[in-house]
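Right, one structure below, let's go through it.
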Amino acid sequence: RDGYPLASNGCKFGCSGLGENNPTCNHVCEKKAGSDYGYCYAWTCYCEHVAEGTVLWGDSGTGPCRS
């Protein structure tokens, strides 16, 4: 499954430099979602093939962003 991983405050991880092979998103996706690939889409990191059990934005039980 694919999606937006969440920071500890319930917010998506921001990024700049839209597109593929974004170093920030690759790092976030590896560390927070167990994914080997991520990119910057709509100024937030999006991860593909996330690890099972990873909580993603929009999952049941996730609350609003507490920025």
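Including glycine, each Cβ sits where the backbone N, Cα and C put it.
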Per Swiss-Prot, cysteine bonded by disulfide to CYS40 (from CYS11, CYS15, CYS65): CYS15
Candidate in CYS29, CYS45 joined to CYS47 through a disulfide, as Swiss-Prot lists it: CYS29
Most Cβ neighbours inside 10 Å, all chains, among the disulfide-bonded residues CYS40, CYS65: CYS40
DSSP-derived structure type at CYS11 (disulfide bond), helix or strand or else coil: coil
Distance check against CYS47 (disulfide bond) for the disulfide-bonded residues CYS25, CYS40, CYS65, keeping those with Cα within 10 Å: CYS25, CYS40
Of CYS15, CYS25, CYS29, CYS47 (the disulfide-bonded residues), the residue whose Cβ has the fewest other Cβ atoms within 10 Å: CYS15
Around the Cβ of CYS45 (disulfide bond), the count of other Cβ atoms that are within 10 Å: 25
